[in-house]
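Summarising the annotation, Swiss-Prot assigns [4Fe-4S] cluster binding site to Cys307, Cys310, Cys353, Glu360.
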Amino acid sequence: MSSETVSYFSHPFPRRQSVGVSVGGVIVGGSAPVVVQSMTNTDTADVDSTVAQVAALHRAGSEIVRITVDRDESAAAVPKIRERLERLGHDVPLVGDFHYIGHKLLADHPACAEALSKYRINPGNVGFKDKKDKQFADIVEMAIRYDKPVRIGVNWGSLDQELLTALMDRNQAEGAPLSAQDVMREAIVQSALISANLAEEIGLGRDKIILSAKVSQVQDLIAVYTMLAQRSNHALHLGLTEAGMGTKGIVASSAAMGILLQQGIGDTIRISLTPEPGGDRTREVQVAQELLQTMGFRQFVPIVAACPGCGRTTSTVFQELAQTIQEDIRRNMPLWREKYPGVEALSVAVMGCIVNGPGESKHADIGISLPGTGETPSAPVFVDGKKVTTLRGPGIAEDFQKMVADYIENRFGLGRKIAS
């Protein structure tokens, strides 16, 4: 995994120092960059569909992918999925998402236990009453046996009710009781920390434990992760559960995680979006990357800056060109990462009129200022801050696309290395 450090602007808060955890060779926490991960929504027993979706998520940039392991058929499929992915060249860590019977599935399917890179345990449903600690311990012991890390993932929708009830009763006995919301937040944090302490007592190292505490409200998420960060040095997995569809899910997740990341809290993130019918699952990976890149913490793809448009830009040419360039970059990035090291740092500007167009284009590595309404039908192009040509005629878009491709080849390609 890349260990780049990016600083578009100074970070007002130091990064929280957590214990690094290796997940199939991808380091989460410590001094490693914040990791992007995602989860499939296929039936894991359907090997073909799951392999296809994991491969798509990995190509999109997901550095870790979680899959559901909910029954014998799913567990039996995991080694086949792992083998098929490796044959296709996708060496991506797979995380097994276990609920209720994870201890049994891992025991009954040792090949599954070996093929997974991490186990996810939910303290709220790993077992109930007198079976809870035993079944939790069984999974932890499996992790120790197979040298795998675990994520202890608390979720407010399946919170340990015994713990919550005990805290509620204790709170009522206080002279100045806390609100029910505050007690719930405390229960979530305690569930994670108590489970982590138990895992360590069983023998799992702190460098094998990642914590998460997922809720569906932005302020709750900020509160519980701030508490976790203050009370432990475990690596933290950020995620807003049930964030929702479309812009609502994107805004809610970005608002919550952006605040935490800005405070130095968070070692890996997943943007949980409810896909629209027929929607692309890789969208959540793209949003996670854009969040980290926009905040200046990582670089994944070249930035395409474009003006929002106004009454001076009634033509849609600049919008269409910006979209085409962005889609072309996304489509080619898997190849470009290998062929053009450092291409992630490229910036492209596609502007729509003379007001800010030339200035913005000069600030990009390569930029074009297209004519606005009533302006001369010509488009100056700037490379590394200098005007190099003016494009005219109906082929402006195609000509600029070729210039972008040539710039990438000349700056990041093999020819540059030979010349240097």
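Keep in mind that glycine also has a Cβ here, set from the backbone N, Cα and C atoms.
Recorded features from Swiss-Prot, shown on the structure.
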{"residue": "Cys307", "record": "[4Fe-4S] cluster binding site", "DSSP (3 states)": "coil"}
{"residue": "Cys353", "record": "[4Fe-4S] cluster binding site", "DSSP (3 states)": "coil"}
{"residue": "Glu360", "record": "[4Fe-4S] cluster binding site", "DSSP (3 states)": "helix"}
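Take the binding-site residues Cys307, Cys310, Cys353: by the count of other Cβ atoms within 10 Å of each Cβ, the lowest one is Cys310. In sequence order, Ala305, Cys307, Ala349, Met351, Gly367, Ser369 make up the list of same-chain residues 6 or more apart from Glu360 ([4Fe-4S] cluster binding site) whose Cβ falls under 8 Å from its Cβ.
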